[in-house]
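**Q** According to TrEMBL, the feature S-adenosyl-L-methionine binding site maps to Arg40, Gly65, Asp138, Leu139, Glu165.
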Amino acid sequence: RFAVSVGYWKDPYIQYFVRQAKERKAPEINRGKLVCYYARVHGVSYLIQAFLKKTECNCQIVNLGAGMDTLFWRLKDENLLPRKYFEVDFPMIVARKIHNIKSKPPLSKPIMESHSGDSLLIDSHSLDSSRYSLVGADLRFSSDLEEKLKKHNLDTHLPTLLVAECVLVYMTPQQSANLLKWAASTFPVAMFINYEQVNMTDRFGQIMIENLQRRQCNLAGVEVCRSLDSQKERLLLNGWETAHAIDMMKVYSFLPQADVKRIEGLEFLDEKELFEQLMQHYCICWASKDSSNL
């Protein structure tokens, strides 16, 4: 929310989900973190848009652990909506998001505009329209997840993009393996995008883990975040045909340089070394299964 407010990227919808902090920004959100968020948003968006273009939007997106993400609304503005867009998170998070959607016309109107057919189905823990569904489920139990998604008209024959941003790392390696296996075996044509930590066995990674533990935040799946190779290996061992992984420093070097110059001029980056270390400890991985040679 803060990064958007100072101009790192445009997101007219985040203001309806997240209040602006009263102080300028929390001290721990330093300049390096903001640039890391910028690279994450652009890197993930690049892959999503590539998938939408390849499939000519004749596909579905399943956003796992979506939280207060605003991608559905931004894709609608760009005329890039897939046939159906699903979001999944814990029932408590989903209830909060539904409350925001119901009470804020700029959020509810795009859902109504893209809806056709019978009346929209909505209760405290789920929302289902013809193009957008919000599902309360625990990702650690894939049979329950599949049942709920199918109730909301998940089509396993459609090319499917699954997105997980800082989600798998909160599950045990076995739980995330089960989720990846389920996705690979359920959809004949699919892509999985995962954004999370990497290189976590070095000193910088250990300090990150200790900082999070001090806030009662346990990274149950951190052992898979040893390296880019361990990230790719997890995807390949669980049924995906191809897998790629690059750290965020590499992602940053691929972004349009004119825009990178613009954001680097927004605020002074005082600790360049710390920024580079941070960027080397996050990565984007993507895997695919492609029975129809898309």
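Please read every residue number as a count from 1 along the shown chain.
Glycine is no exception: its Cβ is also placed from the backbone N, Cα and C atoms.
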**Q** Determine the most Cβ-crowded residue among the binding-site residues Arg40, Asp138, using a 10 Å radius around each Cβ and all protein chains in the structure.
**A** Arg40
**Q** Taking the Cβ of Leu139 (S-adenosyl-L-methionine binding site) as reference, which residues of that chain separated by at least 6 in sequence fall under 8 Å from it?
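**A** Listed in sequence order: Leu64, Gly65, Val88, Leu145, Val167, Met171, Gln175, Leu179.
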**Q** For Glu165 (S-adenosyl-L-methionine binding site), what residues in its own chain, 6 or more apart in sequence, show a Cβ-Cβ distance under 8 Å?
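**A** Non-local contacts for Glu165 (S-adenosyl-L-methionine binding site): Arg40, Val44, Gly65, Asp69, Asn194, Tyr195, Glu196.
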**Q** With every protein chain in view, what's the tally of Cβ atoms within 10 Å of the Cβ of Gly65 (S-adenosyl-L-methionine binding site), excluding that atom itself?
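**A** For Gly65 (S-adenosyl-L-methionine binding site), the 10 Å Cβ neighbour count is 19.
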**Q** Compute all pairwise C-alpha distances among Arg40, Gly65, Asp138, Leu139, Glu165, the residues listed as binding S-adenosyl-L-methionine, and give the largest one in whole angstrom.
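**A** Greatest Cα-Cα span of the listed binding residues: 24 Å.
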